[in-house]
Amino acid sequence: MIIITLSRIFHRCMDYFRFRSSSSGGRSTASETDHHHHQLIPRISRKYRSLSFDSGLRLIASLSNNHQRIESPTRLVMSSSVSNSDRKIVTGSAGYILEDVPHFTDDFPDCPTYPNPLQDNAAYSVVKQYFVDDDDTVPQKIVVHPDSPRGTHFRRAGPRQRVYFESDDVLACIVTCGGLCPGLNTVIREIVCGLSYMYGVKRILGIDGGYRGFYARNTIHLDTNTVNDIHRSGGTILGTSRGGHDTTKIVDSIQDRGINQVYIIGGDGSQKGAAAIFEEIRRRKLKVAVAGIPKTIDNDIPIIDRSFGFDTAVEEAQRAINAAHVEATSFENGIGLVKLMGRYSGFIAMYATLASRDVDCCLIPESPFFLEGPGGLFEFISKRLKESGHMVIVIAEGAGQDLLAESIEESKTLKDASGNKLLQDVGLWISQRIKDHFAKKMTLNLKYIDPTYMIRAVPSNASDNVCCTLLAQSAVHGVMAGYNGFTVGLVNGRHTYIPFYRITEKQNKVVTTDRMWARLLSSTNQPSFMKHDDIDSNQLVGEPGTMKW
Ligand SMILES: Nc1ncnc2c1ncn2[C@@H]1O[C@H](COP(=O)(O)OP(=O)(O)OP(=O)(O)O)[C@@H](O)[C@H]1O
Ligand SMILES: O=P(O)(O)OC[C@H]1O[C@](O)(CO)[C@@H](O)[C@@H]1O
Ligand SMILES: [Mg+2]
C-alpha cells in the first residue's frame, strides 16, 4: 500500500511539474520547454523530470528506505538474442512482473515533453479517464488460483498526458511486409487518420513494396484524402514483399530521410525485422520510434489473443466449406476436401471447422495423423461414409508435410525469400492417396477445393475493421507517448505494448492438449489420430490458452 501510494504521489507530482513547465502555451518548442523547466521546476523535479515509469518506481523504493514488507520494484537487465537489447522487467509484490517496453527516456533522459494535443480536443476531453494511467498493466494470464503468483503483465496501450513529439516535427512512415492479410489497408488508413486527426501530424510517408522499399524505391505521400477509401479494398496500397531486409540500408534510409516514427505492419518475420531495425536505431543513438502492428491470418504470433484478418479469413473459408458440403451431399460417397492456409499453425482450419458445423475431419500441422491401418484416416473415412454417405475434410496446408516428405525428398529444403519453408500441395497429394486407396473398394466422388489466396485477398469484415482501427490508434498513442520497440496487441481483450523479444521468441501454435482442440474433436467426432508419444512432444508447443473468445 505504502509503495503504491508513494508511486501515485510521485506520478501526480511529476504530472504537475510537467504541466506547469509547459502551461504557457500548449505547443512549445523544445528549447522553450527546456527554458520553462529551468525556470519553474524545483530541484527535485528537475532532477527526476524525465524518469521513466520503472526508474520512478525504483526511486520511490529507495525513498521508502528499504521497507521490509515491500518488494521493491527492480529493473533487471537480462541477456537478449539481439545485442544491446535491455529487457525492462519490473517486479512487485505477490509475484507481479511487468515486462515493459523501451521508452525514449531510457536513451534520452533529458528529452522534452509536451502536453498531449488530445487534452485540448473537445471530443476527448469530455471522456472520463481518456488518458491511461501510467500504472495500468494487463496480466498475461487471467485464470489464476488463490496461491498462484500474479505473473507477467504488459503495459496497457492508450494515450498519455504527455507526448514526446511535437506534431510539426513528426515525419512518420508506414510499411507493410510479408503475405497479404485482410485489413492491411484499414490499418494504413487508421494510422494516417490517427496521426492526423488526433495529433495534427501532417508528414506521413508510405514505403513502397515492403522492407526493400526503404532503400530501393521512392516513398509514397499519404494523407487523409489519399487513404480515405482504401479500407474497401483487399491487399495493401503500399505493396509488400518477402526477403530484402537489409538492416543497415533500411536504417540509413530512415536516417537520411529524417524519419522519426516507423510503423511496421507484418507477421512474425516482419516483427523480427522490426526488432533488428530498432536495435540498429538504438545503436546509432537516433531518436526514432519503431512500432509493430501484428498481421497474421495464421494466428502464429504468440502472446496476443489474435490480430486483424483472422476473423475475415475464417469467414471467407466458410464459402469453400459450404461448396464442399454441397458437392459431397450431392454424389454417392461424396467427399469434399478443402485446403486452407496455415503453414505452421492450424488456427484457420480449426476455427473454420468449428464455425461451419459441416466438417467431419480437420487436419492441422500440430496434430500428426497417419493414413493406413487401425485408427488411421482411411479407416475413419470408410466409417463416416458408411454412417452418412458423405463427408467434408478440412486440411491446413502445413498438415501432413512429414508424410509428403517421405515421398518427395527435396520438399524438405525448399524455402521462400524470407526463409519460410515452401510447402508441397498436401491437398492434391492426399486427394490422390484417398482415391487410390478406395479405388478397388467402393465408388468414391472426391472434390478438391483450394481457396488459397481467396481467404486473404478480400477486404476485412466489420469485426476486423474495428480490430484494425483500435490497433492502429493504440500504436500511434504509444509512439507519441515515447514508447519504443514494441508490438501492439490484444492481451485478454485489452490493448497492450509488448516488447519485440516476446513476440519473436516463438510461434503460436494450436495446443492439441488444450481444451479448444478437444472441443473441435467433440464437434467433428473425429479420432485424434494421435499416438501416445505424439501427445508428449506436442504438449511443448504453443502458448496455452491463447484464443480466448
Ligand atoms: N529474422 C529476421 N530478421 C530480419 N528480417 C526478417 C527476419 N525474418 C523475416 N524478416 C523479414 O520480414 C519480412 C516479412 O517476413 P515473412 O516473409 O516471413 O512474412 P511475415 O511477416 O512472417 O508474414 P506472414 O507470415 O504472415 O507472411 C521480409 O522482408 C523478411 O526479409
Ligand atoms: O504464397 P505466399 O505469398 O508466400 O504466402 C503463403 C503463406 O502466407 C500465409 O498466408 C501467411 O503466412 C501462409 O499461411 C501461407 O503459407
Ligand atoms: Mg510468418
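Placement of Cβ uses the backbone N, Cα and C atoms for every residue, glycine included.
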Given that TrEMBL records Thr296, Ile297, Asp298, Met341, Gly342, Arg343, Tyr453, Met454, Ile455, Arg456 as binding substrate, the matching residue among Glu166, Glu190, Glu397 is Glu397
Among Gly179, Gly334, Gly336, Gly346, the candidate listed by TrEMBL alongside Arg242, Gly243, Gly267, Asp268, Gly269, Ser270 for ATP is Gly179
By Cα geometry, the one of the binding-site residues (Thr296, Gly342, Glu397, Met454, Arg456) nearest Ser270 (ATP binding site) is Thr296
From Gly179, Arg242, Gly267, Asp268 (binding-site residues), the ones whose CA sits within 10 A of Thr296 (substrate binding site) are Gly179, Gly267, Asp268
Rounded to a whole number of Å, the separation of the Cα atoms of Gly243 (ATP binding site) and Glu397 (substrate binding site) comes to 21
Least crowded of the binding-site residues Ser270, Thr296, counting other Cβ atoms within 10 Å of each Cβ, is Thr296
Hits among Gly267, Asp268, Gly269, Ser270, Asp298, Glu397, i.e. binding-site residues with CB under 6 Å from ligand 3, come out as Gly267, Asp268, Gly269
